[in-house]
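**Student:** Sharing a structure below in structure tokens format, with a few things to ask.
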């Protein structure tokens, strides 16, 4: 990648990882539902304005049903699950667990798209599971049922992102622009979450810092990251753009330590390295083309691994 593309990649990773910080700050006051409803609403408005300026065709009448599904499984549901998890987890731990998204994408691709299961993918999935055990098992948080459920919510969010990555590829492919998909899906996520705010309103009056965290989460860590990610894919290619998955968790931990004084130990980074090596294997970023299959392929000739290329948004 050129210097400009590397710079965009680092900014993107820093913003993406920063989302977990702002969620941790704002969730106790707003609650997961209200916070994420405002997040998708503000993000959708920002992207809609950008789409108008760039004269992007949204193709809403044709693909609204796909936008609806994507809005739920790539925004509303995972956002909500992460918000719930961060009521009990540190922002750094939530960011580390989110790094498992490519693993779930690979599993979904094998099941849904009948991609071949290779030795490399088996090893990668095993390493990913081991990494989760290291990250969660050696957490500084006291072991409890609440911790298990919170970790489960984070992993469920990652699984939802993984499912969405494959669904986007299968349902839309190159039929519409990524900006159109992102814009319309955010509005359908808003329609899904807003009614729920009447059932789960904010728990108290938010402070100025918490309001600013909402704005930063929506405008910088969601809208801006989506636009930067689309730009990076166009200029550097999807495989290189996917390396943001490896950098964002590091920034997530860094921001939590810097601003929230979250404890920093060696075990989360050991677990992160194991997870990322596993993710690199299943997404073909590491050791591409090695080895061949352990089972006969169930995929059609010419199919390729696409689960991680349309990753969507990872927090």
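Here the Cβ of each residue, glycine as well, is placed from N, Cα and C on the backbone.
So TrEMBL lists these for the protein:
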- 8-135: domain 'EamA' (DOMAIN)
- 153-282: domain 'EamA' (DOMAIN)
- 7-27: transmembrane segment (TRANSMEM)
- 33-54: transmembrane segment (TRANSMEM)
- 66-89: transmembrane segment (TRANSMEM)
- 95-113: transmembrane segment (TRANSMEM)
- 122-141: transmembrane segment (TRANSMEM)
- 147-167: transmembrane segment (TRANSMEM)
- 179-199: transmembrane segment (TRANSMEM)
- 211-234: transmembrane segment (TRANSMEM)
- 241-260: transmembrane segment (TRANSMEM)
- 266-287: transmembrane segment (TRANSMEM)
**Student:** Tell me whether the transmembrane segment (7-27) sits in contact with the transmembrane segment (66-89), defined here as at least 3 Cβ pairs under 8 Å among residues 6 or more apart in sequence.
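**Tutor:** The transmembrane segment (66-89) and the transmembrane segment (7-27): touching, yes.
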**Student:** Can the transmembrane segment (241-260) be said to touch the transmembrane segment (179-199) if we require at least 3 CB pairs below 8 Å and skip pairs under 6 apart in sequence?
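**Tutor:** When sequence-distant Cβ pairs are counted, the transmembrane segment (179-199) does not touch the transmembrane segment (241-260), since fewer than 3 lie under 8 Å.
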**Student:** Count the residues of the domain 'EamA' (153-282) that DSSP assigns to helix (H, G, I), to strand (E, B) and to coil, and report the three numbers in that order.
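**Tutor:** Computed counts for the domain 'EamA' (153-282) are 107 helix, 0 strand, 23 coil.
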**Student:** Residue counts in helix (H, G, I), strand (E, B) and coil for the domain 'EamA' (8-135), per DSSP?
**Tutor:** 109 helix, 1 strand, 18 coil
**Student:** Compute the average pLDDT of the predicted model within the domain 'EamA' (8-135).
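**Tutor:** Residues in the domain 'EamA' (8-135) carry a mean pLDDT of 94 in this prediction.
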**Student:** What stretch of 66-89, 95-113, 122-141 shows the most Cβ pairs under 8 Å to the transmembrane segment (33-54)?
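**Tutor:** Highest pair count goes to 66-89.
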**Student:** Which bits of the chain, at least 6 residues beyond where the transmembrane segment (66-89) starts or stops, bring a Cβ under 8 A of a Cβ in it?
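**Tutor:** Apart from its flanks, the transmembrane segment (66-89) reaches 20, 23-24, 27-28, 31-33, 35-36, 39-40, 60, 97-98, 141, 146-147, 149-151, 153-154, 156-158, 160-161, 163-164, 167-168, 171-172, 181, 184-189, 191-193, 312-313, 315.
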